[in-house]
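So that you can see what the record holds, here are the features copied from TrEMBL:
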ACT_SITE  E407  active site, proton acceptor
BINDING   T150, G189  FAD binding site
DOMAIN    21-144  domain 'Acyl-coenzyme A oxidase N-terminal'
DOMAIN    261-422  domain 'Acyl-CoA oxidase C-alpha1'
DOMAIN    451-631  domain 'Acyl-CoA oxidase C-terminal'
Amino acid sequence: MSKEIYENPDLKKERQNCPFNKEEITHLLDGGKEKTIERKQLENYILSDEQLKDAVPMEYLSHADKYAEELRKACLLMHKLADSPAGQVPTLRALMGAGLGSAVLKEGNPLALHYVMFIPALMGQGTIDQQAKWLEKAYNLNMIGTYAQTELGHGTFLRGLETRATYDPKTQEFILESPSLTAYKWWPGSLGKTANYAVVMAQLYTKGKCEGTHPFMVQLRDEETHEPLPGIVNMWLNPVCISSYIHYGTYVKPTNSKLSYATMVFVRVVVCQDVTTNLRKAVTIATRYSCVRRQSELKPGDREPQVMDYQAQQNKLLPPLAATFAFQLAADHLWNLYHTANNNIEQGDLELLPDLHGLSCALKALCSSEAANFVEVCRQSCGGHGYMSCSNFPRIYGQVTAAETYEGENTVLWLQVARYLVKTRKEQSGGLSVKYLIGEEKGPKTVDTTLEGIVKLYRRAAVGLVDVAIAELDKSGRKGEAPHDAWNHAAVYLIKAAQAHARLFVVESFVDSLKEGKLSAPVRTVLSQLCELFIIYWLLERSGDFFLCSNLTKQDLLLLNSKYVELLAAIRPQAVNLVDSFDLRDEVLNSPLGCWDGNVYQRLFDEAAKSPLNQSNVHESFHKYLKPLLKSNL
Ligand SMILES: CCCCCCCCCC/C=C\CCCCCCC/C=C/C(=O)SCCNC(=O)CCNC(=O)[C@H](O)C(C)(C)COP(=O)(O)OP(=O)(O)OC[C@H]1O[C@@H](n2cnc3c(N)ncnc32)[C@H](O)[C@@H]1OP(=O)(O)O
Ligand SMILES: Cc1cc2nc3c(=O)[nH]c(=O)nc-3n(C[C@H](O)[C@H](O)[C@H](O)COP(=O)(O)OP(=O)(O)OC[C@H]3O[C@@H](n4cnc5c(N)ncnc54)[C@H](O)[C@@H]3O)c2cc1C
């Protein structure tokens, strides 16, 4: 007789009479039905492999054992990719997109940098000959690379990197050196124990002149023994300059000095998708748990309610639920822009480079910071159990907060966006992602609180805040301040303007996607509710920006607040059905709180039992330390 599959009765009830087709949303998020089939096949292919499962929870292993265990699984994963029926590269791409990597490699992926930065650097900056020499070797894993840019003393300010690559015309070689302690490469993933090659960013010196930072291919370790090559600690010999700027000893300037920053742009684009995947996991865990958890008393004398029935809990979880759709659609738009810009750049057309830089900085900073805040809210919404390591919130939070710093610290990226916006506004030049700065809203500043009316408010805030920042810069200039001081003294306004720009892009992506998308009526209804909830939520959170730049009144805000709480109530019944549409398997969620069947308490109990401390009633340390203390009559 088939074993009855347990399903928590509350979750079961949540799933009854779903008014929309969950699979339609799954296909939308995957990029189509075929992609969903592909993803599920990959998940089965990988998650069914017993060797990729952890014998004991990773948190109970030593640092060295964690590294060894993750490396074992990563190497096994590579064999599976190579043997994958879909082919290595498509499978790799699917793996990166589905958040599967962290389902298997929970403590970090020793080979991630090889794929996410080392290979993209070769593809984006290597010459044809260099790609012919190294790309196949890299894809075949006959070499493991990393991307070594950040130093102890510099991560943000690339023009301040100290590692030097001096070209010797006699030997036609580059001598790489770390001239000081602060020049030591620090932070590059896999650099410590895994990689045997690195793309090293260094200041290129030739004929006594510094030509700025350039990428160099450096072998770090012997390919057989894995021993560091001689001098690798602070003097690196025989690197090869990646790219083709040295012709017979003469430096040939690239068409744009920032092309050497291209790898970072690629990763910023990837990070938007990655933090969105992590946010989807956190929202799914918190939403299912909030429908299983019953606590306190809503109506005196009644049974304890599901905590999701508290408006306060809906206010915590439904905006991040809406954000997962908003960020996904924006990340898709950014990915498309990246491909268009990259194809153009390969043909020598750099026109879209500033837009790509501006938008990738804006969305990486916005999605990572918002996702980090939302993941923390999801954790808090699960009370004490959300704090447990096995909830998976600590790991998810660590992954999204890291993204606020790596690949360009967010504040620094916001200022890059502001630089681009001020320049564009002043030049009134075209610009893909600042189209609205040119086509700003004309006509009366009255507010209408329809969806279109709210989008117009976002547009006014984005344009208005750039103008406020420019007015601050001009005011400082009139006081005789030097441009760099004026810029520094306007930083608060500049960052607000950049963030308003990023929010407008996300809002317009969401609204436009719903207009263009071929959606069934029920799916359009629920996604439109999420869209309206989200853009009102952000407006209420940043109402100061809108007051500054429009005729928004107290009455308008009260009306929007009422609409917001109405939308919370309207979406509440579909919360579980919406997170079910993400189609995240339990192994990917990796959390007793978020499991599909809602059997939370038994799974929490089972997880606790795995602790080494729970393998005996009295731990040996009692006899060593506690018992003597108890007897010591202090
Ligand atoms: C086992 C199986 C494996 C399976 C597969 C793996 C699975 C993986 C799963 C996970 C997938 C994805 C998750 C993501 C993982 C990512 C890991 C990443 C790890 C982290 C890596 C790093 O952190 S690398 C180091 C990053 N560092 C930075 O970003 C440094 C930031 N600083 C800068 O970029 C520059 O210093 C800065 C831009 C701030 C200033 O540069 P500067 O030269 O000073 O330029 P300015 O003077 O400010 O501006 C001059 C003009 O240049 C323009 N400009 C600047 N930058 C760019 C650019 N990048 N592109 C184009 N243009 C640029 C700027 O706009 C100015 O123009 P203007 O016209 O003169 O105004
Ligand atoms: C998990 C993780 C993985 C990483 N992996 C890699 C890797 O694989 N390869 C690699 O090369 N690097 C890697 N890094 C390093 C990362 O790229 C840097 O830490 C990042 O670029 C920030 O630079 P920083 O550490 O110098 O911070 P700093 O820039 O020193 O930041 C300190 C403070 O200074 C502020 N600040 C700096 N400049 C300005 C400015 N112009 N205006 C206003 N405020 C400013 C910042 O906003 C911040 O508040 C990784 C980092 C992390 C956390």
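Every residue gets a Cβ built from N, Cα and C, even glycine.
Mean pLDDT across the domain 'Acyl-CoA oxidase C-alpha1' (261-422) comes to 96 in this model. Secondary structure at T150 (FAD binding site), as computed by DSSP, is coil.
Remark: T150 (FAD binding site) has K185, W186, W187, P188 as non-local neighbours, by Cβ distance under 8 Å and separation of at least 6 in sequence. According to DSSP, G189 (FAD binding site) is assigned to coil rather than to any helix or strand. Shown in sequence order, M264, V267, R268, V271, K364 are the residues of the chain, 6+ apart in sequence, with a C-beta less than 8 angstroms from the C-beta of the residue listed as 'active site, proton acceptor'. Taken residue by residue, the domain 'Acyl-coenzyme A oxidase N-terminal' (21-144) breaks down under DSSP into 90 helix, 0 strand, 34 coil. For G189 (FAD binding site), the Cβ neighbour count at a 10 Å cut-off comes to 21, with all displayed protein chains included. In the three-state DSSP scheme, E407 (active site, proton acceptor) is classed as coil.
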